[in-house]
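The following features are taken from TrEMBL:
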BINDING   81, 159, 161, 162, 307  Mg(2+) binding site
């Protein structure tokens, strides 16, 4: 069993996902058909209105199909955020599926898109497109890295588009630090994380940022973006990633705009951090991994396993980690976020992330 083979498939799937996200977002006529409000039992309580898009559902099912086809023993252990049911404007409920037959997928999408075969075909082209990876640019290890686990002992969490609200609004807002966005498409990420089911430990993570950079300001290229892919692997004592070391521009804590004031005050006044607000859990934790921010904290249980599995795996590849915040505060000891219990999908105690564990110890002292 090769961890590199699995990583390559995750990277390919993430790039196909990014392509779908870009195709949907660039076509306004298509995009207007894709958005619907989540039902109450699948929405996030943080938001008054929580939306999903056809892009979310299609990406999730595409990733499950691609990975399951390459690794059949993993198929039943691949889970994602979205309910695959989508309702068209006629009120007809359709289950988004990706199968071996592209024509079948087109027919499913046509129903959702009110018979628009051209739009359905454009999406299906991306679903079944072969993606070539530049392994040199991605800095993949050249040596084979064995996995001690059987495929059936691994699980995968997918967040097809983390930051769906930002994906829908698309309003770019920057912070005073040019490498950190406050809101907008830059905050959207595709998250794919692999964990050991027995111990609940994340071992492989891929974060694809589909809208990392605008291609050009020229009129013919408006709305076009290029992406970036980040990955990390932590298997036993072996740790690899493609993230270059970076010294932060300042002592930065990156938080949600809805964070409780008592935590904001403590971080600003006691820990002496420069507090920056941003959107998207995956994006904020990515900024910890890249070293552009030092601390991520969310005090409420409003993140889920699909939000944290991939970025936590990347943090672990850098000797950092993601911890249960309330356990850390109450017990003055760290409890890492775990994926062992399949029934628990929410990170109920909140989370705190550091790349530098010495900084976490400093937090605990205060």
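Placement of Cβ uses the backbone N, Cα and C atoms for every residue, glycine included.
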Here the 10 Å Cβ neighbour count for residue 81 (Mg(2+) binding site) comes out at 23
Same chain, |i - j| six or more, Cβ under 8 Å of residue 307 (Mg(2+) binding site); the result in sequence order is 159, 162, 191, 281, 282, 347
CB contacts under 8 angstroms to residue 161 (Mg(2+) binding site), restricted to the same chain and 6+ apart in sequence, sorted by sequence, are 21, 53, 55, 56, 59, 167, 188, 189, 190
Within 8 Å of the Cβ centroid of 81, 159, 161, 162, 307, the other same-chain residues by Cβ around the recorded Mg(2+) site are 158, 160, 163, 164, 189, 190, 191, 281, 282, 304, 306
In all the protein chains shown, the tally of other Cβ atoms within 10 Å of the Cβ of residue 162 (Mg(2+) binding site) is 31
Cβ atoms other than its own within 10 Å of the Cβ of residue 159 (Mg(2+) binding site), all chains, total 30
